[in-house]
Amino acid sequence: MTITRPTQTRGSHLRRLKCGKLGKQSIVAQFSVTTSAVEDKALDENKPYAEFWMGAHPSLPSYDLSTGQSLQDILRDNPHLLSTHVSQRFRTTLPFLFKVLSIREPLCIQAHPDLNLAHDLHARDPLTYPEIYIISIIDSNHKPEMIVALTPFEALCGFRPLKEIDHFLSRVPPLRNLISDATAMEVRSACGSAGDGCDQKSAETALKRAWSELLTAHPSQVRSCAEDLIRFATSRPSNKSLAVEHGNLTDLILQLSEHYPHDVGLFAVLFMNHVCLSPGEALFVRSNELHAYLSGDGIECMASSANVVRAGFSRKTKDVDTLISMLTYEYLPPFVVRTPTPYLRVEMSSQQSTSVLYESPAEEFNIIKTSLAPRFATANFRAFRGPTVLICTQGSGKIGVGDHTELIECGHVFFAGAGAEIFIQSSSEEPLILFQSFCEIKECNSTL
């Protein structure tokens, strides 16, 4: 078993989306210079660098540095690198897509379809919901995902409790003007039908109706009400009107209005949970769960899919009807990991070194963060039962499997196949930090 360092052909793995941080402020840009995706002299301080992809996704695949072969071709020709169970479950493709994100402007308000809906969407509109797998199966994959914050990170995720939405409907006139009297009364009634809580079925029905009316409001009405909301947010009475138990949304609305001053997404803030992550904390997003990343840098992993259904904060194609119909409208607290669990299948030479696991409910991936103490600290990982992709985010050292070793530094990306016992050693004066995504399936109980 050997370790392969897959890097991309020049620039092919880098996505310069408008939402990205500019120039060297972007961690994505910094990593791209290290991996020769772009040359340092070619970095434009006025251009955004948003995403750095690692994996076998056909639209932006990783390549073996020494042979130039794409990772998807390597796995197709060598399915044993995935393991028997993983290849039986996901065929000859990497089940996850690993990314680095650097976000300056909000990403679109979106949800990712589950397996059944993804299949239906592709059949209905293959251009918007495209094929991704090189083995000619459609993109019927769902897209649960997890983001681990590298810097302070903000997101919207899932619907907030209905009683908070009722609070905003009663206290924020610009929002109330987009929702009918009957629906506002239905929301209030659902909140009052179970004392301090809400009757589940009534709450879901009322929430869906209110959300539908918001997203289908006439653009001219949304524009006018958005202008009113911005004025309202800057007025003194709005301080309490835009406040709920977990914080005041005034500053957030004003910040988002700098990028999308007339967008329905400004009102979506009043429907969705505002999540703030500190470095090292993580957010898991379920299939069919409404979300939008707002700002910050992070390591993201997801089931390997390009399917996304958009509704707000986007200049791309929106599919409001599908988004309305696909959501569950139940209140689920955001799945936030504040303290990851220790990863136990590794031996460390230093007590100052750590390895922690961000365990995902999705079978396609888990994430490990390993921090080695400076100068010659080591970590020996027991054999992984599936494929793994690693990226160094700080420091330098060496990495190896068996007799094969490579130098590693910030931005370097490696792939190791099933059965690999990975060895890492630090050499820098600062800690060596790596993130890795891996997939392990003990038993194959279903097929794609």
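Numbers run from 1 along the shown chain.
The backbone N, Cα and C atoms fix where each Cβ goes, and this holds for glycine too.
TrEMBL does not curate its annotations; it predicts them automatically.
Pulled from TrEMBL, these are the features on record:
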- R310: active site (ACT_SITE)
- Q110, H112, E145, H291: Zn(2+) binding site (BINDING)
- 18-162: domain 'Phosphomannose isomerase type I catalytic' (DOMAIN)
- 195-272: domain 'Phosphomannose isomerase type I helical insertion' (DOMAIN)
- 355-403: domain 'Phosphomannose isomerase type I C-terminal' (DOMAIN)
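In this view, E145 (Zn(2+) binding site) is surrounded by 26 other Cβ atoms within 10 Å of its Cβ, with every protein chain counted. Each residue in A111, K143, V285, E289, V308 lies on the same chain as Q110, H112, E145, H291 and has a C-beta within 8 Å of the C-beta centroid of that Zn(2+) site, without being one of the site residues. Cα-Cα distance from E145 (Zn(2+) binding site) to the residue listed as 'active site': 16 Å (rounded to the nearest whole number). One residue stands out among the recorded positions H112, R310 for having the most other Cβ atoms within 10 Å of its Cβ: H112.
Cα separation, R310 (active site) to H112 (Zn(2+) binding site), rounded: 9 Å.
Within the same chain, residues at least 6 positions away in sequence whose Cβ sits under 8 Å from that of Q110 (Zn(2+) binding site) are L290, H291, A292, V308, V309, R310, A311, S314, L323.
In three-state terms derived from DSSP, H112 (Zn(2+) binding site) belongs to neither a helical nor a strand segment and is classed as coil. Per-class residue totals from DSSP over the domain 'Phosphomannose isomerase type I helical insertion' (195-272), listed helix then strand then coil: 47 helix, 6 strand, 25 coil.
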